[in-house]
Ligand code: GDP
Ligand code: MG
């Protein structure tokens, strides 16, 4: 084997939140999402790293607690390390909670592939004054153990060095256990020299019997012992794939016994290797006593969200002035320049009234979007997200959902696309479907510009309150829908909250920067693509009619479409052709509702005092008042999700039927709630 150009395939595996993705990013320079709640990584991601002549192909996998195959993450990760060409498994463990992490480690060792244990978060271990016996641990586990810190970037090269060195050693190093061996002499193997994890005699005997059968029937099988253990656990996948007449040997599943014996061994390891336990008082425990308190938990969550939107609104608004000046100058000078070089009037109108008004108008909301995502990143990386799931668990339980389903919903405040993808961490497929159906009701960042504009135009004194009410209405509608679905659901599944509460961490500046920059980039590229093209299309349909170019917009194609559909909207108070056109356009992306308003009302910068004044005058002239505005905001909050979200729903559910149902359902809910608000409102105003 030549040492140069050698490629080593390495898979990162470990519990959620132990820092796999952080490590992966350190090595590969990738910018994958890191956050402090389980279920962030839902797909395997590949990257590469070079060190001393060797190339390492690294794979980041979703976090798992064990090698069973109950959740989608477990299935994906297990399948990958079992079947793919993985040379070495790096088991990433959070060294500050070693006991919990070692369970998966024992299962990985049993697999028989080369495993290297990366003890991550050593910075926290040191900070807390914990001490781990780094020499005893590998002796007991029979695998190399390398202390690292993904955050401080320590131990990274040593880890890869160990991987290269360990690559071809699937057999375990010499094991030194201090068991009382005399009691197990009746057993024909001396397992303590062969395997790390030795079970009680009755289980070991059964493993031997199953192994013999497997050897006869499937002589090519790799790692008989692992398969035998899985058979005793009655693992569905393995027992189906290798039928050996298991029923003659065992009458029940030994899963619980096997789990318990593994934990007994872990206790031994911890006793010997964890010299100094955590001495510092747990900050996490103190904070959690308040944040996850049964009574205070929910009000604290609502207050935190209110604070987030308050910051988004006020800071975002104070920054927009800069954009305003720039945009005014830019559209003015573009018009001047194009005029001076003798550009055709139609083209000037397209550029200035179409593209700049549409795209530029949307760019002025960048500060709001930036602050919103900064706040969400902070909540995610600190570990608060999992607390929300925990706090919401009892409420969600009444809706027939587990608390974990609240994480995708909460992410929906940012964007529905990743939120819907995060629903993969839900075990029950029915839970997933329900969660996917209600997540788009959570008000995403793209709807923010709509609230900013309409609440300031029509509720100048209570703009903030009106906006916050949108978020609450979205939350309430999601809850109601889940509740209604639950009453139809005959076979109710029992839910237990399988969520780990990760420790609070001071958010990492780099992770947050990566996250926020990713979102800002998405927003900018959306402005440059979807909104750019939508602006052109809208300008065209508003400036052309059956007789060619029109001077009066109400003679255009757009007007004809809007006028044809507007009677349907009468009960909602939105029966104006311009609004209808904006709503249809908004299906491409929700920001387009606002950008097309700019084009429809001929306003250069909609997010400015003059722009809003112009538009509210235009609207008021047609009898569109505060109540109509509120109905519009609610309709935008609830109606058909954007094209990207629809595509994601299709991809995640693998069903057009479900996707179309979801779209029609959301449209129906929006229509119903807006009508309710408009009609009831009319009685009082
Ligand atoms: P994954 O779920 O295993 O992919 O874990 P992530 O890479 O997403 O990290 C989970 C959390 O732990 C994030 O908040 C990280 O910033 C944090 N983290 C990861 N590695 C370290 C480390 O070595 N030290 C500290 N203090 N925090 C870390
Ligand atoms: Mg991850």
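Every residue, even glycine, has its Cβ placed from backbone N, Cα and C.
Look at TrEMBL and you will find 14-21, 39-43, 60-63, 120-123 tagged as GTP binding site. In sequence order, 62, 76 are the residues of the chain that are 6 or more apart from residue 43 (GTP binding site) and have a CB within less than 8 Å of its CB.
In this view, residue 29 (Mg(2+) binding site) is surrounded by 10 other Cβ atoms within 10 Å of its Cβ, with every protein chain counted. Taken from TrEMBL, the feature Mg(2+) binding site covers 25, 28, 29.
The domain 'FeoB-type G' annotation in TrEMBL covers 7-169.
Annotation comment: TrEMBL describes 295-315 (among others) as transmembrane segment. Within its own chain, the transmembrane segment (295-315) has Cβ neighbours under 8 Å at 367-368, 371-372, 375-376, 379, 384, 387-388, 390-392, 395, 413, 448, 452, 463-464, 467-468, 471, counting only residues six or more beyond its boundaries.
Look at TrEMBL and you will find 355-379 (among others) tagged as transmembrane segment.
Residues 37, 39-40, 42, 305, 372-373, 376, 385-386, 388-393, 431-432, 434-436, 438-446, 471, 475, 478-479, 482-483, 485-486, 489, 492-493, 495-499, 519, 522, 641-642, 644-645, 648-649, 652 of the same chain lie 6 or more positions beyond the ends of the transmembrane segment (399-423) yet place their CB under 8 Å from a CB of it. Among the features that TrEMBL reports, transmembrane segment is placed at 399-423 (among others).
Feature annotation from TrEMBL assigns transmembrane segment to 465-485 (among others). Non-local neighbours of the transmembrane segment (465-485) in the same chain are 305-306, 309, 313, 395-396, 398-401, 409, 413, 434, 437-439, 441-443, 447-448, 451-452, 455, 459, 630, 633-634, 637-638, 669, 673; each lies 6+ residues outside the stretch with a CB under 8 Å from one of its CB atoms.
Here TrEMBL flags 523-544 (among others) as transmembrane segment.
What TrEMBL lists as transmembrane segment is 564-587 (among others).
Note on the transmembrane segment (599-621): residues 320, 323-324, 327-328, 331, 352-354, 356-358, 360-361, 364-365, 449, 452-453, 456-458, 535, 538-539, 542, 553, 578, 581-582, 628-629 of its chain, located 6 or more positions outside it, place their CB under 8 angstroms from a CB of the stretch. Annotation source TrEMBL lists transmembrane segment at 599-621 (among others).
The transmembrane segment feature in TrEMBL is assigned to 627-646 (among others).
What TrEMBL lists as transmembrane segment is 658-680 (among others).
The binding-site residues near ligand 2, defined by a Cβ under 6 Å from one of its atoms, are 20, 40, chosen from 17, 20, 40. Listed in chain order, the extra residues whose Cβ falls within 8 Å of the Cβ center of the Mg(2+) site residues 25, 28, 29 are 24, 26, 27, 30, 31, 32, 47, 49. Distance noted between the C-alpha atoms of residue 14 (GTP binding site) and residue 29 (Mg(2+) binding site) is 20 Å.
Through the fold, the transmembrane segment (355-379) approaches residues 35, 304, 308-309, 311-313, 315-317, 319-320, 323-324, 327, 330-331, 334, 385, 411, 413-414, 445, 448-449, 452, 507, 511-512, 515-516, 519-520, 523-524, 527-528, 531-532, 534-536, 538-539, 591-592, 594-596, 598-599, 602-608, 611 of its own chain, all at least 6 residues removed from its boundaries and within a Cβ separation under 8 Å. In this structure the C-alpha atoms belonging to residue 17 (GTP binding site) and residue 29 (Mg(2+) binding site) are separated by 19 Å.
Fewest Cβ neighbours within 10 Å among the binding-site residues 40, 121: this applies to 40.
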